[in-house]
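Asks: Under the heading active site, proton donor/acceptor, TrEMBL lists His155. Per TrEMBL, the feature active site, proton donor maps to Lys159. The NADP(+) binding site annotation in TrEMBL covers Arg38. Taken from TrEMBL, the feature compositional bias 'Basic and acidic residues' covers 179-191. Here TrEMBL flags 4-128 as domain 'Dihydrodipicolinate reductase N-terminal'.
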Amino acid sequence: METIKIIIAGPRGRMGLEAVKLVHNTENFELAAVLDRRNNGMNLSGLAGFEGMEAPIYTDLDECFSSVKADVLIDLTTPEFGMAHAEKALEYGIRPVVGTTGFTNEDLLRLESLTEEKGLGCIIAPNFAIGAILMMKFAQMAGKYFKDIEIIEMHHDQKLDAPSGTAVKTAQLISEVREDKTQGHPSEKETIPGARGADMNGMRIHSVRLPGLVAHQQVMFGMEGQLLTIRHDSFNRASFMSGVRLAVEEVMKIDVLVYGLENVIE
Ligand SMILES: NC(=O)C1=CN([C@@H]2O[C@H](COP(=O)(O)OP(=O)(O)OC[C@H]3O[C@@H](n4cnc5c(N)ncnc54)[C@H](O)[C@@H]3O)[C@@H](O)[C@H]2O)C=CC1
Ligand SMILES: O=C(O)C1=N[C@H](C(=O)O)C[C@H](O)C1
């Protein structure tokens, strides 16, 4: 098995720390470097919590990508920087695996054309957890039969983007099989703005933010006399790591942009 050399952006974050551990503990993965907002020139192993995990720390993108020979960039930062990181990685011939959420459709289109131009794989995965991918697939199946749908995503209160990338992706997948429909009473009025949530093709998305939560979503399907609820819960960030591993292995085999791991799992 060939070794895959990996750069991780955002190593000190909640997801980044798990990803560093994953790479460190995976036989054919090698942590080539990390991109951080501080500690330029230091070694990761010198930071508390990363003992024994050797990797040079860079704060400058160009310096990192030009000095380090790497195959894959795993980005787990913020929407503000994730896009720039992915674009720059492709320019240096490095394949991005992006877990960062909050990208716009225009961002995805830009990355798609850059991926095509460079002939390199790129994976954007709004959710790496296998259960969440199945939840989205099941929701798409149900969306064929139920037209009235409310998505309730629930996350920790440090999350920057709303709605979550998973909720957006779920609504997109359902929209592929459901005719657009405005839900609720035609004359309904919000007496407090936002009460009915975000509107995506008539479906409603509600974002809950509370300390103590990790990542949870339930999709509710209503029809005369019945309710179907499809729910997934991630109780920790380790739940995402088998998907990160799969994405890294997969991105090495492709030369296009893949948006969503549902396109990768059988
Ligand atoms: N796809 C998936 O399955 C999952 C995706 N996420 C997404 O991953 C991202 C990170 O989530 P968390 O780890 O919870 O956030 P976090 O806030 O704990 O970590 C983000 C890290 O990125 C670092 N960072 C910010 N700007 C940077 C830059 N320019 N260069 C290098 N590092 C930079 C921050 O210092 C921080 O350590 C979010 O967009 C979140 O929505 C989170 C969980 C699962
Ligand atoms: O910020 C998070 O925590 C998560 N973000 C992703 C999203 O926006 O869907 C994936 C997961 O829900 C956790």
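Each Cβ is built from the backbone N, Cα and C atoms, and glycine gets one as well.
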Asks: How many helix, strand and coil residues does the compositional bias 'Basic and acidic residues' (179-191) contain under DSSP?
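Replies: Reading the DSSP string over the compositional bias 'Basic and acidic residues' (179-191) gives 0 helix, 0 strand, 13 coil.
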Asks: Would you mind ranking the recorded positions Arg38, His155 by how many other Cβ atoms sit within 10 Å of each Cβ and giving me the lowest?
Replies: Arg38
Asks: Where does the residue listed as 'NADP(+) binding site' sit by DSSP, helix, strand or coil?
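Replies: Coil, per DSSP.
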Asks: Measure from the CA atom of Arg38 (NADP(+) binding site) to the CA atom of the residue listed as 'active site, proton donor' and give the result in Å, rounded to a whole number.
Replies: 21
Asks: Given His155 (active site, proton donor/acceptor) and the residue listed as 'NADP(+) binding site', what distance in Å do their CA atoms have, once rounded to a whole number?
Replies: 27
Asks: Across all the protein chains here, work out how many other Cβ atoms are within 10 Å of the Cβ of the residue listed as 'active site, proton donor'.
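Replies: So the Cβ neighbour count for the residue listed as 'active site, proton donor' comes to 15.
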Asks: Counting by DSSP secondary structure, give me helix, strand and coil numbers for the domain 'Dihydrodipicolinate reductase N-terminal' (4-128).
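Replies: Final tally across the stretch: 49 helix, 28 strand, 48 coil.
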Asks: Looking only at the domain 'Dihydrodipicolinate reductase N-terminal' (4-128), report the model's average pLDDT.
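Replies: So the average pLDDT across the domain 'Dihydrodipicolinate reductase N-terminal' (4-128) works out to 97.
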